[in-house]
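> What follows is a single structure, and I will ask about it in a moment.
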Amino acid sequence: KVEWGTLLFFASLFILMEALSKLGLIDWIGSQAHAIIMSVEQESRLAAAILIILWVSACASAFVDNIPLTTMMIRIATNLADNRELELPLQPLIWALSFGACLGGNGTLFGSFFLAQNISEIRKIPLVSEKLIGLVPEIVHQEYFELNPAECDYPQHCYLKINLKTNLKSNFPISLTYDMEPINTAIGVIYAACILIFLYVLIIFEIVHKTLAAIIASTMSVAVLAALNARPTIAELISWIDIETLLLLFSMMTLVAIFGETGIFDYLAVLAYKIAKGRIWTLVNTLCFFTAMLSCFLDNVTTALLMTPVTIRLCEMMHLNPVPVLINMILYSNIGGAITPIGDPPNVIIASNPAVIKSGINFSSFTLHMGVGVFFCLTVVYIQLRLMYNVNDLQFDEPNDVQDLKREIEVWKRTAASMGSYSKEETAVKKSLMKRTSSLMGKLDNRTSNTWKSQQELTINMKDLEEQYCIRDKPLLIKSGITMMFVTLAFFLHSIPEVENLGLAWTAFLGALLLLILSGREDIDAIVAKVEWGTLLFFASLFILMEALSKLGLIDWIGSQAHAIIMSVEQESRLAAAILIILWVSACASAFVDNIPLTTMMIRIATNLADNRELELPLQPLIWALSFGACLGGNGTLFG
């Protein structure tokens, strides 16, 4: 492996240069340089010598091999330094020769290589016209090159050059970065898929809390990046977190926490009971309508939780089975939350994405597009629920206390029947059990005969219910209502360019801050304690996880599979194919897994498909498909 050819090459050059020196060539070149240097002033002779050595060696190295050139030029430089008439120091001449001989070869391909060859195909990057430079977003292009060391006989003498050309007639900025050890995406995709599956297993089977599961998965993804020599810094990890989304969630949680203290949710439930006037479907429809409307502008999960206790109480009063009523409310809550960007967490993630904002989607356009589809969904769901449930399905045949008495009597009867009569003690216990059963039977007969009377009593106690579930703080309700109207109006005004720069997150934050000031609450800790900090940490961990999975190549791999499917259909059907893929994949997955990490991943896939110039797909239809799928898909199962 010793490069004997290179050693022989150097030996021959030494002999050649010594022979040329004896023939007088080196001295003649030195005399010409001496004459030029002597023609300038004394104080400028060193600069002249440096320039001669530098530029002669540099220009010659651009066209001839710099090794024999350096062998000759080093003799000339030492001869000039030895000349007592010139009085030149040797070291500056050496630095000039080194710079010229080493860097001069960059002037031409021949000067840089003994043998220049292309090791990759020509890659073309589309650019905009000269007039649009500086107006359109920057173009980011990434290429992977696999270099084979066998293509170079002497790797230590091989150099890699990137040659860039453009047909633009004007200047434009370009930034070039490279990584000599990029992540092997073939291995990275496998690691990323395993981490994602592990996360979903932890969440689905509730092995640990979902927030802890997200923290574990994000930590694992960062560890895999570190193992693949791509460990991110703390600053990079923080930059991966979407602060806009977290700020919007925090602000809306604060607004709901203060708004809920007014008692408005309980009051609306009691109001629905008064409107129904004993009609079962009127009560169910009114409760569902209130839930859907509140879910448009408040967190749908929080709305459902706050409406549930008083709904169960109303169902007890009307002898209704609360299970189908609550199922209807949950369905309407999920559907109602899909209308606006703030009603459901997946919509918050979608609306806060920078690519979505750049595509022109604001609060008004989002609500308008989603509202039409949600109206049809509500109509279909209403018809389906009316066909699935009739009044008998919603209503208990007997009051709850009667059913409890019957179950208790059955238990006592079974216990008495299991007792034998082999001893006096067993006989006494059995008689005691039968006596207890008889007592309960008499109580049951009395309760059954007075059922209507009990219902009348419950109806009369409606006044007590109104007193129990009333507006607890009317001044705070007025302040909260004004603040919510202000925030909602500001959301709709985001279609105006001057207001759009404020952003949904800052609008909600200013509204929460305003309500905190107006409420005059001194116990801020009580309000802050109601903020779901675990949910915020869950979102932050997911942002880090998805960015890490993207760097491992999983997002691009999924996008490439979707790209291949879309490209397999005709040109005019590709948008429909992309919409169907985004819609049904997100909907089916949301029925079984948490839709928040799913949306965090799917929004990246949707934006990647829209950025693909070969597909030429608009982003907005993909966003509507993702929102419908992620928000409504959860209605498929109880877990979703």
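Backbone N, Cα and C define each Cβ position, glycine as well.
As annotated by TrEMBL, domain 'Citrate transporter-like' applies to 1-100, 200-629. The feature transmembrane segment is assigned by TrEMBL to 6-25, 46-64, 93-116, 183-205, 211-230, 280-302, 323-343, 363-385, 476-496, 502-521, 533-555, 575-593 (among others).
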> Six or more residues beyond either end and a Cβ under 8 Å away: which residues meet both conditions relative to the transmembrane segment (502-521)?
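Those are 243-245, 247-248, 250-252, 254-255, 258, 341-342, 351-352, 363, 476, 479-480, 482-484, 486-487, 490-491, 494, 527, in sequence order.
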> Treating G and I as helix alongside H, and B as strand alongside E, what does DSSP give for the domain 'Citrate transporter-like' (1-100) in helix, strand and coil?
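Output for the domain 'Citrate transporter-like' (1-100) reads 81 helix, 0 strand, 19 coil.
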> So which residues does the transmembrane segment (476-496) touch in its own chain, when a touch means Cβ under 8 Å and the partner is 6 or more beyond its ends?
255, 258-259, 261-264, 297, 340-342, 362-365, 367, 502, 504, 507-508, 511, 514-515, 518-519
> Hey, which bits of the same chain come close to the transmembrane segment (323-343), Cβ under 8 Å, at least six residues off its ends?
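Same-chain contacts beyond the flanks: 248, 252, 284, 287-289, 291-301, 303-304, 307-308, 311-312, 315, 350-351, 363, 366-367, 370-371, 374, 377-378, 381, 385, 389, 393-394, 491, 504, 508, 627-628, 631-632, 634-635.
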> Please figure out which one of 46-64, 533-555, 575-593 racks up the most CB pairs under 8 Å against the transmembrane segment (183-205).
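That would be 533-555.
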> Would you kindly list the residues that approach the transmembrane segment (533-555) from elsewhere in its chain, counting only those six or more residues past its ends and only Cβ-Cβ distances under 8 Å?
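Residues packing against the transmembrane segment (533-555) from afar: 183, 185-186, 188-189, 191-193, 195-196, 199, 209-211, 214-215, 217-218, 221-222, 224-225, 228, 230, 232, 237, 240-242, 245-246, 249-250, 253, 345, 349, 596-597, 600-601, 604-605, 608.
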> Where else in the chain does the transmembrane segment (211-230) make close Cβ contacts, counting only residues six or more beyond its ends and a cut-off under 8 Å?
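Result: 181, 183-184, 187-188, 191-192, 195-196, 198-199, 202-203, 237, 534-535, 537-538, 541-542, 544-545, 548-549, 551-552, 597.
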